[in-house]
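**Q** Annotation source Swiss-Prot lists NADP(+) binding site at Trp33, Asp61, Tyr66, Ser168, Gln193, Thr223, Leu225, Gln227, Lys233, Ser303, Gln307, Asn311. The feature site 'Important for catalysis' is assigned by Swiss-Prot to Asp61, Tyr66, Lys97, His138, with similarity to another entry given as support.
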Amino acid sequence: MVWLANPERYGQMQYRYCGKSGLRLPALSLGLWHNFGHVNALESQRAILRKAFDLGITHFDLANNYGPPPGSAEENFGRLLREDFAAYRDELIISTKAGYDMWPGPYGSGGSRKYLLASLDQSLKRMGLEYVDIFYSHRVDENTPMEETASALAHAVQSGKALYVGISSYSPERTQKMVELLHEWKIPLLIHQPSYNLLNRWVDKSGLLDTLQNNGVGCIAFTPLAQGLLTGKYLNGIPEDSRMHREGNKVRGLTPKMLTEANLNSLRLLNEMAQQRGQSMAQMALSWLLKDERVTSVLVGASRAEQLEENVQALNNLTFSTEELAQIDQHIADGELNLWQASSDK
């Protein structure tokens, strides 16, 4: 039976122009970092993608190494794209990235032209696509000249394998340099993807949003819920069904060390504020990011389709009073949750 998308899907989502480009992204985008590997049930993935699109979420964000195992998120997404979304390809924004370890040997990681372009070809093959809408340099590579990384990104566009290019976890200074390098190729930098949330404000402290605005670059925030800390699930310890319980210290992600008393106190105060606003803590955290028009979109993950419905309700209240913002700032001690600092502080 052929699946048909909700005909009213565009009536309930906000869309924002990405920097100075003509491309608009949904205020909420779906990230496939977790829950889309071969270890996850395909039908659960299908339900999440269908629900997202039915809610007007048109942007699906991947990377070469998402899984587990690495590459499996792209493979699964490609299968579901063929089975359910083939007729809707021109209504989708599909992004992928390369930068972290992907295959053995000296050419399977980093920012070299060799790695980035080979990885893009592999990603297209896994997803069954002729092009992606956005291709990212996933991280700063200290051992590769930025000129080389920029040339690879430019080639991705010139070869028709990507419509736009972006960067992730670059400092303001490196972002400015990438803008200038791509300009030499007559390729605009479309978007920057930083880790940004109520508990991790390096984007504010560093002036990154000003750099992006001054250069007409969009911003899409990842880990907007601090990888689950801002959902409220950890207020009373570590639940057995939580990612922190499952993963421990095995991967870059949540660790029990993040549950400091300062962080827990911040979370409890935020939860009280959210209730006063008639929102869940997760909804308030998303609203807080989207109150700034310089933030084009926020990337949310989901293990269940119902979570997306709750997240979309955040768009109903993006207004904060001066008193609320001051109260948030007073409550929040920066939890030092920027796990990507090794890349973004350079």
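For all residues, glycine too, the Cβ spot is worked out from N, Cα and C.
Source: prediction; values computed, not measured.
Mind mapping these onto the model and telling me what they sit next to?
**A** Gln307 (NADP(+) binding site) carries a helical DSSP state (H, G or I).
Taken residue by residue with DSSP, Asp61 (site 'Important for catalysis') is part of a strand. Within 10 Å of the C-beta atom of Asp61 (site 'Important for catalysis') sit 24 other C-beta atoms, taking all shown protein chains into account.
Taking the Cβ of Tyr66 (NADP(+) binding site) as reference, residues of its chain lying under 8 Å away and at least six apart in sequence are, in sequence order, Leu32, Trp33, Phe36, Gly37, Ser72, Ala73, Glu74.
Counting only same-chain residues at least 6 apart in sequence, those with a Cβ under 8 Å from the Cβ of Lys97 (site 'Important for catalysis') are Leu62, Ala63, Asn64, Phe135, Tyr136, Ser137, His138, Ser168.
Every protein chain considered, the tally of other Cβ atoms within 10 Å of the Cβ of His138 (site 'Important for catalysis') stands at 27. The secondary structure of His138 (site 'Important for catalysis'), as reduced to three states from DSSP, is coil rather than helix or strand.
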**Q** In this structure, which of the binding-site residues Gln193, Lys233 has the fewest other Cβ atoms within 10 Å of its Cβ?
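**A** Relative to the other binding-site residues in Gln193, Lys233, Lys233 has the fewest Cβ atoms within 10 Å.
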**Q** Compile a sequence-ordered list of residues in the same chain as Gln307 (NADP(+) binding site), six or more apart from it, whose Cβ lies below 8 A from its Cβ; state 'none' when nothing qualifies.
**A** Val300
**Q** What three-state class does DSSP give Trp33 (NADP(+) binding site)?
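**A** Assignment for Trp33 (NADP(+) binding site) reads coil.
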**Q** Would you count the other C-beta atoms found within 10 angstroms of the C-beta of Trp33 (NADP(+) binding site) for me?
**A** 19
**Q** Going by DSSP, give the three-state secondary structure for Lys233 (NADP(+) binding site).
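**A** The residue in question, Lys233 (NADP(+) binding site), is coil (DSSP, three-state).
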**Q** What is the number of other Cβ atoms found within 10 Å of the Cβ of Leu225 (NADP(+) binding site)?
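**A** A count of 23.
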